[in-house]
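Reading through the structure tokens given below for one structure.
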Amino acid sequence: MSTDLYFAAPARPDVPDDGHSSARTEAARARAAEAHVTVETGGAEPCAPDAGAVSNGCDTVATDTTTADTAALAETLVAESHSDHISLRDLIDDRRVDAALSWLDDHAPHRIADELARMDAVHAGIAFRLLDKDRALAVFEELEPVDQQQILSGMRDQSFRELIEGMDPDDRARMLREAPATVAKKVLAGLSPRERRMTAALLGYPEGSAGRYMTPEVVALHRDLTVAEALGVVRAKGAHAETVYTLPVVDGGRRLIGIVEMRELVLSDPTTLLAELVVTEPVFARATDAAEKAARLMRETNLINLPVVDSEDRLVGLLTIDDAVEVIEAADSEDVARQAGASPWAGHYMAAGVFQLARYRAMWLLLLLVAATLTVSVTDAFEATLAQAANLALFIPLLIGAGGNAGAQAATSCVRALAVGEVRVSDLVKVIWRECRVGLVLGSMLAVVGMVIGAAFVGAQIALVVGITLVIICGWAATIGGTMPLLAKKLRIDPAVISAPMVTTMVDATGLIIYFTTAKLVLGI
């Protein structure tokens, strides 16, 4: 993608030219040339400040600083007054390259990445080209794969290769696993043999496994080294590693035997052997383990890095805390979407089109609509009962709503408990007993309120039906909501699929059966 736009950098009437502005303009010209952007500086007469004062627009601030300091202070005041109110896209639309450069300089890579994700391809491409090489790489690694592909599609081959080569292997593999085959082929072809070998190795692990997310660039220490020798290895190889906070210790066959913290190395006597410092029986994951399982293991054990080994216990990489957080965030987002009755959406919400979001939600709504026909069928089957006691229909929304909410609460609690390891499938009977009792307690509380409402509107007999039904339906709904996620787990189905809308739909139909059956028994109809 090649975009030719004309930008006029705005004059700063309140800032005398001290050389900084010229240098920034030259930097803008150099970087904007890559994006085919023309940069022009405007000129304007500066406001005339009083002696010993700094002009800030039309305001005057007393100062004793030099002329250079005055200019710097004025520029800072102007930048601070606008940076929080103007987005990067607005600056590009207004052709204010100088201000856009200041915005990029003032914000962290993750904030810039978030802003780029909100833009269309043209605006994002222009903004990205204004970044210097190191900054561009840091921002690029913060982007989601779909946004990375958008940026890459508009880059020249040389810039493309430099950016991809500088990425961490695990971040590169993350992008490639979601990229079209043509993009993946182009990326791999442009890599150096070493980087290509590491990337291909990561892509060889199963989808969603710890091997796909780990970094293979690890500083591993042999157990026979002294502290001084170990620090020498770290200095020699640490620049290429993603982290050196936790260092794996291996034997001659590269089998993991323990870990040692950098803090221990720095504080220990240089002649001490690593064997005396190593923490044996370390927590680790296998490369074929689920990435979510490994990430949650890190959270449970408060680790910032987790060694990853192959089937023969040989060290193959480290799962770092940033990748673990990413895995857990993705898993939790997926669970939340499914519990709400929607398919997971991996992209940036603000960048998604209306029809894209609708498509991801439509399937579940259609399935739930079909399932809701059970409620229609039940109502039709008890039509004679309703005909004899028409007032029963008044309380249908109240009863199925209470039951659905009780079931959804139980389902959500159990899905969370499964996710964090508080509940296992073997606890099924305990969960059934616990949720049944919780539901009966809640139902009894609601029954008191329901009977008062029923007595006030339709009389004591139907009020009694409503009260009894609330107790039964809440106990039943809580039991169903707590049981279904565990059964799904046992059947190797994602428990989040047993979403709150699905439980609610099931409880609606069964709740009506409970209601009408209770009415027939109590009212004798």
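Cβ atoms are placed via backbone N, Cα and C, with glycine included.
Residues or ranges marked as region 'Disordered' in TrEMBL: 1-24.
Feature annotation from TrEMBL assigns compositional bias 'Basic and acidic residues' to 14-24.
Per TrEMBL, the feature domain 'CBS' maps to 214-276 (among others).
Taking H, G and I as helix, E and B as strand and the rest as coil, DSSP gives the domain 'CBS' (278-336) the counts 27 helix, 17 strand, 15 coil. Among the features that TrEMBL reports, domain 'CBS' is placed at 278-336 (among others).
The feature transmembrane segment is assigned by TrEMBL to 362-382 (among others).
Annotated transmembrane segment per TrEMBL: 394-418 (among others), in sequence order.
Look at TrEMBL and you will find 438-458 (among others) tagged as transmembrane segment.
Here the transmembrane segment (464-484) has long-range neighbours at 392, 395, 398-400, 402-404, 406-414, 428, 431-432, 434-436, 438-440, 442-444, 446-448, 450-451, 453-454, 498, 503, 506-507, 510-511, 514-515, 518-519, 522-523, meaning same-chain residues at least 6 beyond its ends whose C-beta is under 8 angstroms from one of its own. Positions annotated as transmembrane segment by TrEMBL: 464-484 (among others).
The transmembrane segment annotation in TrEMBL covers 496-516 (among others).
Over the domain 'CBS' (278-336), the average per-residue pLDDT in this prediction is 88. Per DSSP, the domain 'CBS' (214-276) is made up of 23 helix, 17 strand, 23 coil.
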